[in-house]
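Noted in TrEMBL for the protein shown:
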- 98-218: domain 'Phosphatase 2A Regulatory Subunit A helical' (DOMAIN)
- 114-152: repeat 'HEAT' (REPEAT)
- 153-191: repeat 'HEAT' (REPEAT)
- 192-230: repeat 'HEAT' (REPEAT)
- 231-268: repeat 'HEAT' (REPEAT)
- 274-312: repeat 'HEAT' (REPEAT)
- 313-351: repeat 'HEAT' (REPEAT)
- 352-390: repeat 'HEAT' (REPEAT)
- 430-468: repeat 'HEAT' (REPEAT)
- 469-507: repeat 'HEAT' (REPEAT)
- 508-543: repeat 'HEAT' (REPEAT)
- 547-576: region 'Disordered' (REGION)
Amino acid sequence: MAGAAGPGSGPGAAGGDGDDSLYPIAVLIDELRNEDVQPPLESLATVEETVVRDKAVESLRQISQEHTPVALEAHFVPLVKRLASGDWFTSRTSACGLFSVCYPRASNAVKAEIRQHFRSLCSDDTPMVRRAAASKLGEFAKVLELDSVKTEIVPLFTNLASDEQDSVRLLAVEACVSIAQLLSQEDLEALVMPTLRQAAEDKSWRVRYMVADKFSELQKAVGPKIALSDLIPAFQSLLRDCEAEVRAAAAHKVRELCENLPAEGRETVIMNQILPYIKELVSDTNQHVKSALASVIMGLSTVLGKENTIEHLLPLFLAQLKDECPEVRLNIISNLDCVNEVIGIRQLSQSLLPAIVELAEDAKWRVRLAIIEYMPLLAGQLGVEFFDEKLNSLCMAWLVDHVYAIREAATNNLMKLVQKFGTEWAQNTIVPKVLVMANDPNYLHRMTTLFCINALSEACGKEITTKQMLPIVLKMAGDQVANVRFNVAKSLQKIGPILDTNALQGEVKPVLQKLGQDEDMDVKYFAQEAISVVAQRLRKLDFPVKDSEEPSIPGVDKNLFLRPRGPGEDTGKGPACQLHINTRDTLAQLEIAEAMHFPQSRE
């Protein structure tokens, strides 16, 4: 590599240890001491590590903007020329990224030299250099004069698009977007389109993939006339490509292509020249192709209108909703709102509701989860009457699903539905059905009742929570399963802030006191956690405390735990340490006993 040897190189030159590998570092350090930062950046632009080279080029591009035109020609342009004519391909690849920043401010003579150097790099023997030149071709074309673009850049584009390396050809496709924006329609048709048509049929699938991936940009660059005459046939070929990756890339662009067509005659073009190919992709053998189409096909409804959507697109949506690939179904579900805007929720529900019901009972839980997540949106659009008639039973069925993630999502779904439809609807429709589950033989379903109460209490408000939900929670405190009992404690903690003082003191406190003495340690722990929260709630409400009801523990100064330790005090001495006190519970018990007025128990 250039710079690896030079005056003073050899064993011992870089240091007393005789390590030759340190010499380049010593040279770099010496260069960094120089006030001119370009020499070290020039060196870094030639190293093998791509990341280092790219950063060096990025810095040089920024530095070029600080030069005056005179200084640019005196210092920066010679640097670019040295890199462009370097022995190592690394320097020549770096030079490709510098032509566009120095060209606009150079004199005509220097501009000619710069163009000559760029032409040389476009035909370099090393594929990596041609690749770098192809990647910067569009950028360079934007700063050239129009005549130079026609006479020099277009021939370079044609050559690079016919390069023996497909990695070069696919980068030429990307440059085509920038070049097409600079030329007139006549020049485009004569100079660029033959090459672009060739690229769309390239023998390498990677080149065809690039054409498909950049199709929307190409469509905008060439204009509507050429797009209709040349790009639509090319797009049809890409949709039927033998490689699934190419078909998937083209499918992703279907919606953008249709939206970018001229308004006049757009419907006819889509119906006659695009839709037949879309119908084939709906039943494609590759799931990635079908998934790509499903992510955009719903958007066609806004382009084609209500009648065409109902007649031609809805059957495709139904087919995709029943597809064996979960991702296809998910993509359709995720975009239902696009169709709803066009045909209305009533028509949508009549057409797609059977498929949605089928998905709600799908064997794959992720599919069921997707339906749940979109249920509030559908419910808001359907209205409360239609929802109660068609979808309410589905929402309740999800609460007893065998997958916890579904039950959890169904609980959150109920909360969102209450927020949409109101507390009266919740009181009459949802809450009674939820509370019935408290008597279910399956303890998981009984726990789901508690989870629903946690979620619904805030949305339903104090009255419904106190009159309908609280009695059920208190009753479940006697459940034979410990998991249910400690979730009762957590539920009481959750709904505590919503309840009034009488409910807290007269109903919640005795139950928590009992759970606080439960034989199961988890139940006891969560009960004490709940008691602490409820005690704070009572303090905020200024609940009166009678001196005669204050708890006392013989031999224990409760203030010992509530005040800073004084000098010389040792917790290892005194009556408090003669008790076996659980460190997790001590402070909480003392605070809770004082606020809740029930005696402190010792272990």
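Every residue number used here counts from 1 along the chain in the order it is shown.
Positions of Cβ are set from backbone N, Cα and C atoms, glycine also.
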(message) Counting only residues 6 or more past its boundaries, what in the same chain has a CB within less than 8 Å of a CB in the repeat 'HEAT' (153-191)?
(response) 118-119, 122-123, 127, 130-131, 133-135, 137-142, 144, 146, 198-199, 202, 204, 206-207, 209-211, 214, 217-218, 221-223, 225-226
(request) Calculate the per-residue pLDDT averaged over the repeat 'HEAT' (153-191) and state the result as an integer. (result) 94
(message) Can you work out which residues elsewhere in the same chain, 6+ from the ends of the repeat 'HEAT' (469-507), have a Cβ less than 8 Å from its Cβ atoms?
(response) 431, 435, 438, 443, 446-447, 449-451, 453-454, 456-458, 460-462, 514-515, 518, 520, 522-523, 525-527, 529-530, 533-534, 537-538, 541, 543
(request) Taking helix as H, G and I and strand as E and B in DSSP, count the residues of the repeat 'HEAT' (114-152) in helix, strand and coil. (result) 32 helix, 0 strand, 7 coil
(message) For the repeat 'HEAT' (352-390), how many residues does DSSP put in helix, in strand and in coil?
(response) 34 helix, 0 strand, 5 coil
(request) Kindly report the helix/strand/coil residue split of the repeat 'HEAT' (313-351) according to DSSP, in that order. (result) 33 helix, 0 strand, 6 coil
